[in-house]
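Summarising the annotation, TrEMBL assigns transmembrane segment to 20-45, 57-75, 95-116, 137-160, 198-222, 234-257, 269-288. Annotation comment: TrEMBL describes 38-286 as domain 'G-protein coupled receptors family 1 profile'.
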Amino acid sequence: GNHTLLREFILSGLSSRPELQHLLFFTICFIYSMTLIGNLLICMATAHPTLHTPMYFFLRVLSVLDISTASVVVPKMLVSTLSEDRSISYLGCVTQLYCVVFLASTEWYLLAAMAYDRYVAVCRPLRYPAIMSTRACLSMVLLSCCSGQVVSVVQTAWVFTLPFCGPRRIDYFFCDIPPLVLLSCADTSRYERQLVSATVLVIFTPFCLILLSYTCIISSILRISSAESRHKTFSTCSSHLTVVTLYCASGTLIYLQPKSSNSQEAKKVLALIYTTVIPTLNPLIYSLRNKEVKEVIIR
């Protein structure tokens, strides 16, 4: 009887302190601009004929996902930072949550595909062209998208079947699972167990596959007699490992304890890193450590 039909939510934003709003706006605007520029450069560079290999194909898809993730979150956040109206419609909140979960899940499965690509390149070099064919690469990307789609539909449906009553203020800067769960007036313990299971499925299953791939890769690298060859082989994998570590650390800390309100400010920072900072770092991580990409970008 106390349940109300919500037509909109109110986003609290990154900070409620008025003196910080302009600083936050220009800082986030700069980061977002760097995200767009860096990832668009990666997309253009990896389309060059000299970089038509599976590794660069996956990197191009990763850049598209990074642009999409930042674009789903940042524009609304920038408007809310300078505007007194921080409302987001119910449908807008559903759409934003769906897109964020879909893009994040797809990116995780894509990182697993990239790890498998590196495993084949290092451990099965003679069969690499046959295994990592164009059809195989497209199938992996399609499978990643389909898996992300399933996870997103299930999670979004679960969240928005929860009853929301009373406060409609989301203590966050975008619609995400943990702050929406906090608004529910029902017992969410069952949903929280389901969310932990989904987190394990989306993060730790690909992470285990990545870990297995790199265990085989490192074992193969250690058997290489030349120190220069070992360094060159490992350098092609270190960028991917760096990105995986960043995603795994931030994603795990955000979603494993959805109703831990004591760490809400910390979760805001982690979510900002996950949705805004990491998409900016990815082009730097891959281009600065990759001689071929740097040469094409300079040309």
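Backbone N, Cα and C atoms are what each Cβ position is placed from, and that goes for glycine too.
For the transmembrane segment (95-116), the partner stretch with the highest count of Cβ pairs under 8 angstroms, out of 20-45, 57-75, 137-160, 234-257, 269-288, is 137-160. Long-range Cβ contacts of the transmembrane segment (137-160) within its own chain (Cβ-Cβ under 8 Å, at least 6 residues beyond either end) map to 54, 57-58, 61, 94, 97-99, 101-107, 109-110, 112-113, 116-117, 177, 180-181, 191, 194-195, 198, 201-202.
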